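Each remark here refers to the structure printed beneath this line.
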């Protein structure tokens, strides 16, 4: 359950999709790496918040506790620390594994591909972050999947909001993982989970609600910088300063039309420290609908400056930011489109078919086919 075979037509579509994504990564100067599907259990545990319970742990094989990789980000951070690399632009396309409830119609599986692009190293603030957003914009535009929006937020702004709303620091991460459910359930349910399960006061939850329902662009950043409470919070002020700079670069890239500063965006993973973002496809139900309907996340990522330090014996940090393209979700959309259009995808690249009407020319056919193969021609 939650895995699948790919017949030739699906494999051909997947290859075309991966090729489009990888060519964008290469255009931005990234090098490919690969890491093992197996990691030490301790490498993965405690990095994913509530996602930790979805890690596939393997039986003890003679003393080593192993697990299947949950994503490609933590193995990348481990790779940087082990090899003492402090500067790298990389991409990685590989399968990851999650003990999740499969929803195959929505492209959610237990074994699935991830396509990651990351920039590690010390650079001018917000330039690598802006490049990651530019990559998402390029890929979604190239694939012509329809209208989309890239939601952006900042972990420090969220932590600042929690602080001024009276949430104790020990509950920041759990409040964040609850807030991350806002795209799947209404605010009322998120609020009751915050109060009932996470132990936040009703007043704190209501105060959070006033902020997390805000979304906009540069004008919202300017407005929050003037907010009497937020502007007094060091974390929020730093985060808003970052966001202002980010929007300046996004304006230079000409992509702000598709970017929304959205205070409800939380991304539940523990390792994010700065800018976080998520791209969602929008579906216009009909001309009379003013607000487009979201049909699901197709990319996500953010800044994780502390993760490499967790694997370094001396705790040396390497600033990193990256994006993961939701290839399975995109694949299921393209697959449905292909079926609806009735278009047939070529599953082979054969250029020449060698055939004879008589059976006794087998030797001549084999000789000819061998010469054509030798000349680099695709023959059968």
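First residue shown is number 1, and so on along the chain.
Cβ atoms here come from the backbone N, Cα and C positions, even for glycine.
Just so it is clear, the model here is predicted, and its values are computed rather than measured.
For 71, 72, 73, 98, 114, 118, 267, 271, 272, the entry in TrEMBL reads L-histidine binding site. Under DSSP, residue 71 (L-histidine binding site) is assigned to coil, being neither helix nor strand in the three-state scheme. Sequence-distant contacts of residue 71 (L-histidine binding site), defined by Cβ-Cβ distance under 8 angstroms and a gap of at least six in the same chain, are 48, 96, 114, 116, 324.
The feature domain 'Aminoacyl-transfer RNA synthetases class-II family profile' is assigned by TrEMBL to 1-357.
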Where the record names 71, 72, 73, 98, 114, 118, 267, 271, 272 as binding L-histidine, the maximum Cα to Cα distance in Å: 21
Residue among the binding-site residues 73, 114 whose Cβ has the most other Cβ atoms within 10 Å: 73
Close in space, distant in sequence - residue 267 (L-histidine binding site), Cβ under 8 Å, 6 or more apart: 180, 276, 278, 300, 302
CB within-chain contacts under 8 A for residue 272 (L-histidine binding site), separation at least 6: 155, 302, 303, 304
